[in-house]
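The signal peptide annotation in TrEMBL covers 1-19. Look at TrEMBL and you will find 36-245 tagged as domain 'Calcineurin-like phosphoesterase'. Under the heading Fe cation 1 binding site, TrEMBL lists ASP42, ASP75, TYR78, HIS244. According to TrEMBL, the Fe cation 2 binding site annotation covers ASP75, ASN113, HIS207, HIS242.
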Amino acid sequence: MTIANVLISVLVGCSLSYAAELRRFQHAPEADGSLSFLVLGDWGRRGAFNQSQVALQMGIIGEKLDIDFVISTGDNFYDNGLTGIDDPNFEDSFTKIYTAPSLQKQWYNVLGNHDYRGDVEAQLSPVLRELDPKWLCLRSFIVDTEIAELFFVDTTPFVDKYFTHPEEAVYDWSGIFPRNDYLSNLLKDLDSALKESTAKWKIVIGHHTIRSAGNHGETKELVTQLLPILLENNVDLYLNGHDHCLEHISSPDSPLQFVTSGGGSKAWKGEVSRYNPSEMKLYYDGQGFMSVQITESQMDIAFYDISGNVLHKWATSNQLYPTITM
């Protein structure tokens with residue numbers, strides 16, 4: 001599907017107010033029904049902290065895999081989001097960095113906590129899509145690719161400390177209050193959409209961690225409020241950023257996999273906590289990104305460092321629990 005076609009759907013969807021269901025966008029798979037995309041998080045630093053090197057390798061891998069789109073797990077612009085629709089950080093950290101031909105596909109972005117420290121509405125504005133048509137950012141939405149449904153969730157408003165102990169940060173909570181209603185409606189809409197989904201694969205994307213051995217660790221609000229919905233609805237992957245690392249944690253009693261792709265620029269070397277080794281499949285405290293390839297019968301994920309080296313591979317089928325780790 002072309003960016004132009006996706007944008008037509010976006011413009012129609014954006015004319016609707018947030019109501020009874022999440023906005024849904026169609027993104028057709030390849031002719032053979034397969035799907036391939038890259039996942040990146042915590043990146044927007046005007047090319048610094050190896051952001052440009054990560055972008056270079058993304059372009060190479062993206063061409064090799066002939067990707068359909070790119071997912072950002074949030075914290076798109078450091079340190080304090082965008083100041084407005086005319087903030088040069090948008091072009092300096094996005095348009096001028098991800099220049100490879102293979103990356104001129106649709107980017108589906110969620111907001112991170114650092115994005116909420118700026119003008120949130122700027123990142124959601126259609127003006128940015130006019131500046132760079134591959135950009136698409138909404139609070140929460142669904143991308144339907146036929147073979148897989150991807151559910152993007154706005155996780156920052158779940159975290160209590162941003163409201164009770166913001167420290168030096170100033171957050172833009174416009175559109176969030178009353179907070180309890182916002183979160184309740186979001187969870188209800190997500191649960192309903194997951195239950196109605198007939199896709200072969202269900203993938204949920206948010207900025208904050210659910211399971212992690214990194215600096216931030218587990219996000220307790222998501223463990224108590226979001227995780228039960230994912231488990232009840234047989235979600236296959238939860239993709240997040242927030243911890244500046246690459247990470248893969250399995251579930252001991254369900255097919256759900258917790259995958260962190262937060263190595264888009266500045267990484268936190270050496271900041272790792274002990275975790276059950278039978279569940280921890282990968283922890284890499286450097287920069288990088290990951291790929292996801294999906295067919296009707298199999299899903300393959302791979303993690304790459306800033307030199308394009310494969311750090312870890314994992315595959316699963318639609319059968320109950322069979323996995324291949326490399």
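Glycine residues also receive a Cβ, built from the backbone N, Cα and C atoms like all the rest.
Automatic, uncurated: that is what TrEMBL annotation is.
What you are looking at is a predicted structure, and each value in this text was computed from that prediction instead of being measured.
Calculated from their C-alpha atoms, the gap between ASP42 (Fe cation 1 binding site) and HIS207 (Fe cation 2 binding site) amounts to 9 Å. Within the same chain, residues at least 6 positions away in sequence whose Cβ sits under 8 Å from that of ASN113 (Fe cation 2 binding site) are GLY74, ASP75, THR156, VAL159, TYR162, TYR171, HIS207, HIS208, HIS242. In the predicted model, the domain 'Calcineurin-like phosphoesterase' (36-245) has a mean pLDDT of 98. For the recorded Fe cation 2 site, residues ASP75, ASN113, HIS207, HIS242 set the reference point as the centre of their Cβ atoms, and the other residues of that chain within 8 Å of it by Cβ are GLY41, ASP42, THR73, GLY74, LEU111, GLY112, HIS114, ASP115, THR155, THR156, HIS208, GLY241, GLY262.
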